[in-house]
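**Q** Have a look at the structure that comes next, please.
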Amino acid sequence: MNCLMLTAKNHSIPLSDGNRIPIIGLGTYGDPRTTPKGTARECVKLAIDVGYRQFDGALVYFNEHEVGQAIREKITDGTVRREDIFYCGKLWSTFHPPELVRPALERTLKTLQLDYVDLYIIELPMAFKPGDKFYPKDKNGKYIYHETDLCATWEALEACKDAGLTKSLGVSNFNRRQLELILNKPGLKHRPVSNQVECHPYFTQPKLLEFCRQNDIVIVGYSPLGTSRDASWVNLKCPPLLEDEVLVSIGKKYNKSPSQVALRFNVQRGVVVIPKSFNPQRITKNFQIFDFSLTDDEMELIEELNKNIRFVELLMWSDHPEYPFHDDY
């Protein structure tokens, strides 16, 4: 796969199951308490016009109805066909028991008003207590965890693929040990094609990236610009990635922003990027990464920026036995 050959019109890369994934997508997470209604819908429509073909969503973003509406409107007006769009949905942590997996995916499909998703992933290797609350807590305000059997959950996902509800299956926030649990599962029918993890120049994930390459698993990098500042998820002590002098100076050479350089870096490594933005100018600019390429020396310079800094620490799960970030990778 030569990522230097990708273009704005043709930028999908192969998955191990024969399907393809666009190498850049739009992340659609937005805090439902602060994001005005209709924002996701307008931004997804704009993104499709700009050239984005992948959209990364989730039931717990509470805006899948808007994302689905935007996709359907752009299909209706003839801009795209359904097969041009790649939608990734996620199995939330309260739906890990096998009997809850298909109903959760069907709920996403009903919300999107689509017949299938292109990729369905286990959002986290940790489970919460099943029930009506997405973030269940006890009377002391502590999160209520639930024992999870990831292999049993995976088998339920395989049945969803066999039923045509999703084209591909993947995971998110899995470390090597958790990936091996699935890969070595007796009777494995469908391998995970992707692992969505944090990935950017300050957290380049070299060991996990190499392990995934050896196993034909594509890394999908979330927070590729390292810019989220939500204290419930994020380590606010992290230095701002986009002010890094190396990214700024390389950007000046190509008349590009540090964001565009950071995205291009991952794309050239074969890492799919899903920058989240609800800002029309940034949505447009983030996509403009196919008209320049970084030299080998510049790639090395950026790789050397790795500080093993994790912006997204998922601290609400740090006491969980399956918390993936205790392991090296």
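Just so it is clear, glycine is given a Cβ too, placed from its N, Cα and C backbone atoms.
According to TrEMBL, the record shows the following:
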type: DOMAIN; residues: 24-306; note: domain 'NADP-dependent oxidoreductase'
type: ACT_SITE; residues: Tyr61; note: active site, proton donor
type: SITE; residues: Lys90; note: site 'Lowers pKa of active site Tyr'
type: BINDING; residues: His146; note: substrate binding site
**Q** What does the structure give for the C-alpha distance between Tyr61 (active site, proton donor) and the residue listed as 'substrate binding site'? Integer Å is fine.
**A** 21
**Q** Write down the Cα-Cα distance for Lys90 (site 'Lowers pKa of active site Tyr') and His146 (substrate binding site), rounded and given in Å.
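**A** Checking the Cα atoms of His146 (substrate binding site) and Lys90 (site 'Lowers pKa of active site Tyr') gives a distance of 18 Å.
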**Q** Only counting partners 6 or more residues apart, tell me which same-chain residues put their Cβ under 8 Å from the Cβ of Lys90 (site 'Lowers pKa of active site Tyr').
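**A** Set apart from Lys90 (site 'Lowers pKa of active site Tyr') by at least 6 residues yet with Cβ under 8 Å, we have Gly57, Ala58, Leu59, Val60, Tyr120, Ile121, Ile122, Glu123, Ser172.
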**Q** Roughly where does the domain 'NADP-dependent oxidoreductase' (24-306) sit in mean pLDDT, to the nearest integer?
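**A** Mean per-residue confidence for the domain 'NADP-dependent oxidoreductase' (24-306): 96 out of 100.
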